[in-house]
Structure formats: structure tokens, C-alpha cells
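Visitor: First the structure, which I've put down as C-alpha cells, then a few questions once you've had a look.
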Amino acid sequence: MWRDASGRRMKNHYHQFVQLANKAAKLNDFENMGEMWIYPYESATFRDDLRHLFMQLKPLYEQLHAYVRRKLREHYGEMYVTKRGPIPAHLLGNMWSQSWAEIYDLAIPYPGKTSVDVTPQMVQQGYDARRMFELSEEFFTSLNLTRMPEEFWRNSIIEKPQGRELVCHASAWDFCNGQDFRIKQCTEVTMRDLITVHHEMGHIQYYLQYKHLPLVFQQGANPGFHEAVGDVLALSVATPKHLNKVGLLDHVEDNPEVDINFLMNMALDKITFLPFGYLMDLWRWDVFSGRVPYSDWNCFWWQLRYELQGIKPPVMRSEYDFDPGAKYHIGANVPYIRYFVSFVVQFQFHKALCLKAGEYDPQNASKPLHKCDIYHSTEAGNALGDMLQMGSSKEWPDAMEALTGAREMDASAIREYFSPLEKWLREDNEKHGEFIGWETDETLCSSEGMSEGATSEPTSSAPCCSPASLLLLLLVALLAHFH
């Protein structure tokens, strides 16, 4: 089992890492590493701001949770999925239950209607990785944004190389010389990877737009902005209207049922991610600060997953386990709240760009936000480019205001985008008498027998880190300040 082979075996190492990371943070004049991670967001009320955003989003998530729970109960039976309880995490199609897109076939509101998954069409038309990246580049250039430099095509790895190992986690790289920008991705010909291509190309576009600035300002306005850029374009790319324009969808149906299917497909990826994106760093901030002791790390993890996601582990967990450590971003020490922030601000950006493109009109039912495609709008592209060119030379509220006219993060744009689906979910859940929310009297995690400093394994613990390993961990913690 992955969690036994990874997370459980690294708990003691992670305990040492937290201590080293906090030492590094103190060298940078922060109380702990969590405070250092929050610093780039330039807000004394950042944690309260995040909670406000999550509470804005919670009603929509709860409606989606109730609907999916019913669909799973109908499929697996009430013995496994109860009417009022949390959803077993292993039934949601993803190792972390952070995206439920893999159970779309089970949750689809109107089976038989047009699918927005154009993977078969991409395969039929002979798409390969290069063509997918060229299609993404063409979207950017249609907005009057910058074409990829020749070095990008020469140096990037966009397919898994033969005959050698490669970490396939997709990533974008700026080599800080104003010329060398690369992507590393083991691209497969699927619509999901087409969206990922646009996400990674968004990072490269941001690098290109602020490369003229002094090196200290060659960063996103805040870490979430960098993650949002490619996703903003992906919101247009995923629409049936756009897929039709680029020849990947034969026709676009003007049908409310097709719209609900499309929004459900989007929600199973976007909305289901939000509580997970929120809790990852809630857990780490309280671990770094010491508010949650070592003896309660794993149970606190499952407390957050129950309270915020409404899920439960397949089997009872204990403090002999270390389930957070089995997630890549924990072991790799990658801050995660940037993704939550990204999922909020990308919809604010999308709304602003759609208004500039004339593709969205709140007073016109034929131009809803979820159907907007900014493809070929130079007005939208110029507005986006103006914001990207600021890099981090301005505080992020200034960058936000330049594009959207607002200075605060606001989840109302997400609620507006998904408003037809939210209305449909509310009516469907009421029709079926579905309980909204979750409750349980089960014990999800036990800390019995564990104490501060106790080993995380009942038999033989992992050997202590070598001096070289400890030095490497300290260097990673120090470098976190510069990312």
C-alpha cells in the first residue's frame, strides 16, 4: 500500500525536517516556516481571508457532495455509503479525493448527451505532444501574447524519453537568463493533458511577460497568480464552443441538459479540489507552529479531511500512520495554498477577461460566464499581458485591480460560473430528500498508544537521517524562501 511504503516510513524524518525548517525560518526573521510561506501574500489577515473564501464556496461544495454521495450509494449500496455520513475516500477515483473527475460517468446528470471529452477526436486526428503544445501556443498568440522562443522548443521535454527514468510530474522552468524557458511533461494524447499543457504554458507566458524586470521582481504577483494564468485560458479551452472552433467537436448543442453535464464535469475537478487545496497548508501551518503536536499529526489530518471535505478513510487510521506524507507536495516541501488561491482568482480573471472580450453579459442569458471563450480577443489579451508584465514589482492587490477592478480575492465569480449547476443540484437534492452536510459517530483515527517523540511504526522505525540528509533538508527549507 502506497501510504505504508511512503508516508508511514517518513514520519520520523518529517519530524526532524519540521525542526530544521523552523530553524531556517527563524534565520529569515519568521516565527516558523508556515509564517514564511504566508509572507508573499502580503496580508496580516491572510488566514481569515482564506476562511472567508472557503465559507463563500461551502454551500456549493455541500450540494455537490450530497449529490455525489447519493450516486455512490445507489451504485455501491447503503452498507458502504450512508445517507448522512462522509464519503469513503477510496470511492472518488483519485488517491487524495482531491478531484472526482474519474467518476464523471457515475455522476453524469444526463447520460447520452454530448460529451466534452474530446480525447477520441484528438487520437483520431493524429494529435501528438508537439501538436498539443502548438495548439496552446496559438491560443496565446491569438490574444496578442508572446510566442514561445526557439530555445523552448529545443530544450523542453514534452514526451517521456525512451530508455531512461524521468519524474513525470509536469513542471515549467525559468532559467533566469531571459531566453531559456522549458517545460518538462510526459504528455499523453488526452483532453486532461491538453488542459495541463495550457496550465504549464501559462507559467511560461508569465515568465516571458516579466523577463524585462530586475531579477528580484521576476515572480508572480503572488504564488497563486502564477498557477492561475494557464488555468484562465483552460476555462475557455474546455468550452464546447472553443473545441468546436479548433475542430475537436463536430457541433455545439444549445441544450440546458448539455450545459449541466458540462458544468458537472468542470465541478468534479474544480469544486471538489477546493477543500483539499485549503486543508493541505492548514495542516502544515499548525504543524510548523507546534499548535498540533507530533503525537496528533495524522489524526489532525483526518479531522480536517472530515470537517472540510466530508470524507473518511477506507479503514481506521492511527498515529502509526502518516498519511499526509504520502502526498508528493508534503515530502517535496511545496507550499499548496497557492493552488487554492489560484482556483479562486482564475475565475475572477476569467470574468474580467470575458467582459473585455464581449463574451459575457450578466444581463444576457445567451452569454453566461460558463460559455465564454476569449480566443482571438486582443482586448482581453492586452489586459492580461499588462497585468503579467508587472511580475511582483507591484503588490498583488494592485495587479488584481489592474485586471479586474477589485483589490480583494472573492469567490463570488466561481459561484456565478457554476450557478446553473448549483440551482440544479439544490433542486435535485431536495427532490430526493438528500441530507446536506455530513455527520458520523465513527472513530476515523486513533492516537492511542502514541506520545510525543514516539516512533511512527509499531515494530522497527526508519533509521535516523544521515548528516548529509539533514543538511539537504536544511538547504531545501532555506531555498523555500526564494520560491
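Placed from the backbone N, Cα and C atoms, the Cβ positions cover glycine too.
Per TrEMBL, the feature active site, proton acceptor 1 maps to GLU200. Per TrEMBL, the feature active site, proton acceptor 2 maps to GLU200. Look at TrEMBL and you will find HIS329 tagged as active site, proton donor 2. Marked as active site, proton donor 1 by TrEMBL: HIS329. Residues annotated as chloride binding site in TrEMBL: TYR41, ARG338. What TrEMBL records for HIS199, HIS203, GLU227 is Zn(2+) 1 binding site. What TrEMBL lists as Zn(2+) 2 binding site is HIS199, HIS203, GLU227. Annotation comment: TrEMBL describes CYS168-CYS186, CYS354-CYS372 as disulfide bond.
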Visitor: Note the Cβ centroid of HIS199, HIS203, GLU227, the recorded Zn(2+) 1 site, then list each other residue of that chain whose Cβ lies within 8 Å of it, in sequence.
Guide: ALA172, GLU200, GLY202, HIS226, ALA228, VAL229, GLY230, ASP231, SER342
Visitor: Take the C-alpha atoms of HIS199 (Zn(2+) 1 binding site) and ARG338 (chloride binding site) and report the distance between them in angstrom, rounded.
Guide: 14
Visitor: Would you mind reading off the Cα separation of CYS372 (disulfide bond) from GLU227 (Zn(2+) 1 binding site), to the nearest angstrom?
Guide: 20
Visitor: Between the Cα atoms of HIS329 (active site, proton donor 2) and ARG338 (chloride binding site), find the distance and write it as a whole number of Å.
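Guide: Approximately 12 Å lies between the Cα of HIS329 (active site, proton donor 2) and that of ARG338 (chloride binding site).
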Visitor: Taking the Cβ of TYR41 (chloride binding site) as the centre, count every other Cβ atom within 10 Å, in any protein chain shown.
Guide: 20
Visitor: Return the residues near the residue listed as 'active site, proton acceptor 1' by Cβ distance under 8 Å, restricted to its own chain and a separation of at least 6 in sequence.
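Guide: Listed in sequence order: ALA170, SER171, ALA172, ILE183, GLN185, GLY230.
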Visitor: Where the distance is taken from Cα to Cα, which of the recorded positions TYR41, CYS168, CYS186, ARG338, CYS354 turns out closest to GLU227 (Zn(2+) 1 binding site)?
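Guide: In terms of Cα distance, GLU227 (Zn(2+) 1 binding site) lies closest to ARG338.
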Visitor: Give me the CA-CA distance between CYS186 (disulfide bond) and HIS203 (Zn(2+) 1 binding site), in Å, as a whole number.
Guide: 17
Visitor: If you draw a 10 Å sphere on the Cβ of CYS168 (disulfide bond), how many other Cβ atoms land inside?
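Guide: By my count, 13.
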Visitor: Inside 10 Å of the Cβ of HIS203 (Zn(2+) 1 binding site), count up the other Cβ atoms and send me the figure.
Guide: 21
Visitor: Given the disulfide-bonded residues CYS186, CYS372, which one is most crowded in terms of C-beta atoms within 10 angstroms?
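Guide: When each Cβ's neighbours within 10 Å are tallied, CYS372 tops the list.
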Visitor: Taking Cα atoms as reference points, which of the recorded positions TYR41, CYS168, HIS203, ARG338 is nearest to CYS354 (disulfide bond)?
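Guide: Its closest listed neighbour, by Cα, is HIS203.
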